[in-house]
Amino acid sequence: MSTPHIEAAVGAIADTVLLPGDPLRARFLAHELLEAPVQVNARRNMLGYSGHWRGQPVTVMGGGMGIPSTAIYVTELARTYGVRRIIRVGTCGGVGDVEIGDVLLAQSGSTDSRFNRMQFGGHDLSTCADFALLRAAVDAAVEQGVPARVASVFSTDCFYDGDPQLLAHLRRHRIHGIEMETAGLYGLAMREGSAALAVLAVSDHLESGASMPPEQREQGLLALGRLALAAALPAQG
Ligand SMILES: O=P(O)(O)O[C@H]1O[C@H](CO)[C@@H](O)[C@H]1O
Ligand SMILES: O=c1cc[nH]c(=O)[nH]1
């Protein structure tokens, strides 16, 4: 069995999935970090690879941009493939005292998307990371010497031309990252009974205008991938 968007056979996807937005980042991370990666999805070019990391099975697959795309993949991964842990390995805009390349561990996700409200009877869902994954990521960052900051992030539907007051609102609420998926991912994980975490590299600074080149967003985030793997798959026993 497969799904409309994932061609892998059931059993070919691990119960732990790293989910970068960019499928080419997924391909790069899988080839650099996994033992014996095998391509398990190319439907719509949303590349996915399964392999092992330190002997434990893991899949790295793209999820696309925005909550609707993420929701399709997360729902199918959870319901058809039985995925239990999803770690988004993403980029984000930075707000306030963060620099390009800084790593944010997203503790919570606010949003301008209606997606979670549509799933939650019109109410505001408080979306948060899985605590065990977040704690494991904090520990892994210390062990790997990666300066990472636990932060609140905001997921927007508008990469361009959103609310002109948004930056002021983010600053006022000490939200340090803006991207397009985390609040949806966390809401979906709550609904599906999975564990989720977003680990994000700051790729743009909303105030200074500094930015990371596109090639680095695709192939420059190995440390983020290592951190995500160590958080998702802590050494056994
Ligand atoms: O680099 P990824 O993981 O795609 O994440 C960020 O980059 C995309 C926008 O350029 C959005 O998906 C945003 O959330
Ligand atoms: O969604 C995103 C991703 C990277 N940088 C941004 O400013 N926004």
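Glycine is no exception: its Cβ is also placed from the backbone N, Cα and C atoms.
All annotation found in TrEMBL is predicted automatically rather than curated by experts.
Copied over from TrEMBL:
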| type | residues | note |
| --- | --- | --- |
| ACT_SITE | ASP204 | active site, proton donor |
| BINDING | HIS5, GLU179, MET180, GLU181, SER203, ASP204 | purine D-ribonucleoside binding site |
| BINDING | GLY21, ARG25, ARG44, ARG88, VAL89, GLY90, THR91 | phosphate binding site |
| DOMAIN | 17-216 | domain 'Nucleoside phosphorylase' |
| SITE | ARG217 | site 'Important for catalytic activity' |
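Comparing the recorded positions GLU179, GLU181, ASP204 on other C-beta atoms within 10 angstroms of each C-beta gives the minimum for ASP204. All chains included, 20 other C-beta atoms sit within 10 angstroms of the C-beta of ARG217 (site 'Important for catalytic activity'). Neighbour counts of Cβ atoms within 10 Å were compared across the binding-site residues ARG25, ARG44; the minimum falls on ARG44. Reduced to three states, the DSSP call for GLY21 (phosphate binding site) is coil.
Maximum C-alpha to C-alpha distance over the listed purine D-ribonucleoside-binding residues HIS5, GLU179, MET180, GLU181, SER203, ASP204 is 30 Å. In the set HIS5, MET180, ARG217, none of the recorded positions has a C-alpha within 10 Å of the C-alpha of ARG88 (phosphate binding site). When the binding-site residues GLY21, ARG25, GLU181 are checked against ligand 2, none has a Cβ within less than 6 Å of one of its atoms. THR91, MET180 are the binding-site residues among VAL89, THR91, MET180 whose C-beta comes within less than 6 Å of an atom of ligand 1, given in sequence order.
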